[in-house]
Amino acid sequence: MHLTVRVEGTRLGHTAIFQCPIGFKVNGNANLTCQASGKWSSSVPSCDPVRCPSLVTPGALDEPHVKVMEHNCSYGGRAVFSCAWGYQLVGPPGVECELDGNWSGPVPKCLPIQCSPPVIPVNGHLIQSESAGMDGGRYAVGSLVQFACRGAHVLEGEPSIICTETGYWSHPPPFCKPRCPYLGEPENGAVVPSKFAYEPGDELQVICNPGFESRLEARPKCLADGRWSMPLPQCTIYSEI
């Protein structure tokens with residue numbers, strides 16, 4: 001029963017004081033008095049275990065994204081919380097049931113994890129797709145952003161990034177680097193080097209087939225803005241030079 005009593009005496013007016021051990025509370029009147037009838041003023045109380053309000057009953061939590069991972073309502077017991085995917089705890093991850101039958105603190109909140117807007121590359125722009133939602137310019141977990149470049153520029157880096165549960169993007173944003181396009185092969189000749197795109201500073205050399213020669217000795221050079229410094233030289237037959 002866990003109940004202890006300290007009796008002053010059994011004469012009229014004497015008292016009996018009942019106590020419960022830690023973790024239990026007195027259920028009934030803890031102080032009894034000996035009355036003129038020869039009886040105590042009330043029946044002997046009992047000891048009930050201290051219990052805090054349940055946090056797992058329907059409607060007990062106001063936070064829809066909070067999950068209770070551990071739940072012990074007894075004195076000294078703990079309730080441990082986590083958040084649904086895409087959310088993070090704000091506040092202590094757990095509370096303890098105290099002697100007064102109340103939890104040691106409020107239930108924490110679960111706020112959405114968000115990523116800051118990614119840096120838009122110079123000479124580039126964003127293509128929104130498969131977005132899991134935006135809030136005030138910030139992106140929710142799972143949002144996917146794709147990048148594209150303008151004009152004579154090509155992407156260097158990841159073309160698409162995803163907002164992760166860490167609150168950071170899966171990859172740094174790419175760069176848009178200027179590139180000069182492939183000019184094709186001259187008639188009766190070839191271009192060296194032959195590439196899909198050229199970086200600023202690259203030069204083209206036109207090599208003509210036997211019996212043909214280029215009128216120009218200058219070489220086209222890829223400029224910083226993605227344009228060639230001159231048109232591609234052509235190969236002409238010796239007799240036409």
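Any Cβ shown, glycine's included, is placed from N, Cα and C.
Regional average pLDDT for the domain 'Sushi' (1-49) in the model is 90. The annotation domain 'Sushi' is assigned in TrEMBL to 1-49 (among others).
Marked as disulfide bond by TrEMBL: Cys20-Cys47 (among others). The DSSP secondary structure for Cys20 (disulfide bond) is coil.
Look at TrEMBL and you will find 50-112 (among others) tagged as domain 'Sushi'.
Summarising the annotation, TrEMBL assigns disulfide bond to Cys83-Cys110 (among others). Counting only same-chain residues six or more apart in sequence, the Cβ atoms lying under 8 angstroms from the Cβ of Cys110 (disulfide bond) belong to Glu63, His65, Val66, Cys83, Ala84, Tyr87, Gln88, Leu89, Val90.
Residues or ranges marked as domain 'Sushi' in TrEMBL: 113-178 (among others).
What TrEMBL lists as disulfide bond is Cys149-Cys176 (among others). In three-state terms derived from DSSP, Cys176 (disulfide bond) belongs to an extended strand segment.
Positions annotated as domain 'Sushi' by TrEMBL: 181-237 (among others).
Non-local contacts of Cys235 (disulfide bond) by the CB criterion (under 8 A, 6+ apart in sequence, same chain) comprise Pro186, Glu187, Asn188, Gly189, Val206, Cys208, Asn209, Phe212, Glu213, Ser214. Positions annotated as disulfide bond by TrEMBL: Cys208-Cys235 (among others).
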Which whole-number value in Å describes the distance between the Cα atoms of Cys20 (disulfide bond) and Cys176 (disulfide bond)? 75
Across the domain 'Sushi' (50-112), DSSP labelling yields 0 helix, 27 strand, 36 coil
Cys149 (disulfide bond) to Cys47 (disulfide bond): how many Å between their Cα atoms? 75
